[in-house]
Amino acid sequence: MTKEVVGEKRSFSGKDYQDPPPEPLFDATELGKWSFYRAIIAEFIATLLFLYVTVMTVIGYKSQTDPKLNPDQCAGVGILGIAWAFGGMIFILVYCTAGISGGHINPAVTFGLFLARKVTLVRAVMYMVAQCLGAICGVALVKSFQSSYYTRYGGGANGLSDGYSIGTGVAAEIIGTFVLVYTVFSATDPKRSARDSHVPVLAPLPIGFAVFIVHLATIPITGTGINPARSLGAAIIFNKDKAWDHHWIFWVGPFAGAAIAAFYHQFVLRAGAVKALGSFRSQPHV
């Protein structure tokens, strides 16, 4: 990179960052690499831990505020504490696994990164499978340790709250997931890292805060899904009608929000469409 200094201003004659090349749609060589399977294991364990801690927090809060057991309705961590548990665990787990698997811990995040050509189809599918299995095992651990409380207090399953329409629930999931996936793209953008290198930002921190803020906004509406694996794991282990009512919301909403975030970041903020058009125009035409 070359720089020209004029007075106190700097002008850059070339890129001061390097975009990684897009991943191929299908890369069979991944299947023969230990790093691929190590990443899958990391996603499984991270999602297991995420569901174990967060669902345990939800169950504990509901038991502490049960009027039959405790007349003090201000007991427990409250909705604020639940939001902190979800956001804090994402911060911790992304920090721990980012260097191994990328720290997705969410099929919607994986889907968004796949659409942006950040991961291959094989890796995306295997990550989603590992995340869903990890979520199921994490919630199963909660039930095995607190079976009576687990069943009594809804198993931490997501559901559309009374008084809210299906449209409101879908919109809450779309917008909430958009905020999360948009933050993931922005926090890991090589251009932002290069241009703002003088501002030390730990990528997992804004991602965790995004999860925290979204939970504050949407817990009263849907219990906050924004993660299909989280919703699926709780629904399968709890396995009551209420857990499956409108369950599709927690897949359609997050996947739609992730797709919108991927399009917005890649084609609007990073001008992917403009670059593609410019490349097309620069090619000789017969």
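From the backbone N, Cα and C atoms, a Cβ is placed for every residue, glycine too.
TrEMBL has this to say about the protein:
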{"type": "COMPBIAS", "residues": "1-18", "note": "compositional bias 'Basic and acidic residues'"}
{"type": "REGION", "residues": "1-23", "note": "region 'Disordered'"}
{"type": "TRANSMEM", "residues": "36-61", "note": "transmembrane segment"}
{"type": "TRANSMEM", "residues": "73-100", "note": "transmembrane segment"}
{"type": "TRANSMEM", "residues": "120-142", "note": "transmembrane segment"}
{"type": "TRANSMEM", "residues": "163-185", "note": "transmembrane segment"}
{"type": "TRANSMEM", "residues": "205-227", "note": "transmembrane segment"}
{"type": "TRANSMEM", "residues": "248-267", "note": "transmembrane segment"}
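The stretches the transmembrane segment (163-185) and the transmembrane segment (248-267) meet in space: the count of Cβ pairs below 8 angstroms, excluding pairs fewer than 6 apart in sequence, reaches at least three.
Where the transmembrane segment (120-142) meets the stretches 36-61, 73-100, 205-227, 248-267, the count of C-beta pairs under 8 angstroms peaks at 36-61. Sequence-distant neighbours of the transmembrane segment (248-267) (same chain, 6+ residues past either end, Cβ-Cβ under 8 Å): 106-109, 111-113, 115-116, 158, 160, 166, 169-178, 180-182, 185-186, 189, 222, 225-228, 231-232, 273. Panel annotation: around the transmembrane segment (36-61), residues 30, 76-78, 81-82, 85-86, 89-90, 93, 96-97, 100-105, 123, 126-127, 130-135, 137-139, 141-142, 145-146, 149-150, 153, 155-156, 229-230, 233-234 of the same chain, lying at least six beyond its termini, place a Cβ under 8 Å from a Cβ of the stretch.
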